[in-house]
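Asker: Swiss-Prot lists these features:
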ACT_SITE  Tyr152  active site, proton acceptor
BINDING   Gly11, Phe12, Ile13, Lys156  NAD(+) binding site
Amino acid sequence: MGYYLVTGVAGFIGWRVGEFLLKEGKAVLGVDNLNDAYDVTLKYWRLNELKKSENFKFYQIDITNFQALKTIFETYSISAVIHLAARAGVRASLENPWVYVDSNITGTLNLLELMKDFGVKKLVLASTSSIYAGQSPPFHEDLKVDTPLSPYAATKKGAELLSYTYHHLYGLDISVVRYFTVYGPAGRPDMSIFRFIKWIYEEKPIKIFGDGTQARDFTYIDDIARGTIASLKPLGYEIINLGGGKNPISINQIIEILERLIGKKAKREYLNFHKADVKVTWADISKAKKLLNWEPEISIEEGLKRTVNWSKENIELIKSIKV
């Protein structure tokens, strides 16, 4: 039985994709460099959840290390690669763009080269809705996205282009999935919902960039994991949006729902809107429905309820994590 190689397996999406594959009886080979882009405490928590399965193997490897990655391909039979390892975050990419180029472009190139050399034909490549900055929503996959507003978006676009080249030259079957604002239990502590929940519990001001009317197409983690795994089917080369697909919800509305679920009022601190951010994200998911028979099942109300319930069950973990 071949392994499904999941890069960035200790990350939010990597962890949940790994869990879903393991529940399906698949063997999962996970790699992650466990970098400190955000508090690693949560990465270790996710890894410990995955290690409960005998079908899970983990290696602490940086995908920019070609030789270390090559050893994985030499040692294991790999059925497909789900490439989720990346430096993420719009604002952070302005502070250290070099690490974004290394991880998101060089790391992706290393995987593509090894897939070519070892005859691994299927890649699911994680991309981002940040690529659509400056376009009019709802965003569909055919929009021209050649004007990224951040190094993060630029490097993810670069990874998409590299993957197309390897599809064209070497026949790799590649599904590029563009994620829209993923949230849920054990989510990234550098993302809004985790921070909002933590700050409400701790009665600290919630920092909001802009007036809070900016809106996001929030997508629950389980829906994202399902869509990612569905993208393993043979498609040739396709770019597919995975998002909520309905009217986006504002940051102010998210805070109001969290206040109700937690039972505490938030303190709000409004800051200047960041010029690398976008005002609205909104996915056209008609392509995902057609090609993957996929659409989100979890509403924003239900998803936030599950997220808050998880936070209550893991309150000491939440409090220990630095944001």
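In case you wondered, yes, glycine gets a Cβ from its N, Cα and C as well.
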Asker: What three-state secondary structure does DSSP assign to Gly11 (NAD(+) binding site)?
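Answerer: Gly11 (NAD(+) binding site) sits in coil per DSSP, no helix or strand.
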Asker: Any same-chain residues 6+ apart from Gly11 (NAD(+) binding site) with CB under 8 Å of its CB? Would you list them in sequence order, or say none?
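Answerer: Result: Asp32, Lys43, Arg46, Leu84, Ala85, Arg188.
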Asker: If I restrict to non-local contacts, at least six residues apart, and a C-beta distance under 8 angstroms, what lies near Tyr152 (active site, proton acceptor) in its own chain?
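Answerer: In sequence order, Arg87, Ala88, Gly89, Val90, Ala92, Ser93, Tyr100, Asn104, Thr128, Ser130 meet the Cβ cut-off.
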Asker: Just counting, how many other CB atoms are there within 10 A of the CB of Phe12 (NAD(+) binding site)?
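Answerer: Total other Cβ atoms inside 10 Å, all chains included: 26.
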Asker: Please report the number of other Cβ atoms within 10 Å of the Cβ of Lys156 (NAD(+) binding site).
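Answerer: That number is 29.
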Asker: Taking the Cβ of Ile13 (NAD(+) binding site) as centre, how many other Cβ atoms lie within 10 Å?
Answerer: 25
Asker: Rounding to the nearest whole angstrom, report the longest C-alpha distance spanning Gly11, Phe12, Ile13, Lys156, listed for NAD(+).
Answerer: 18
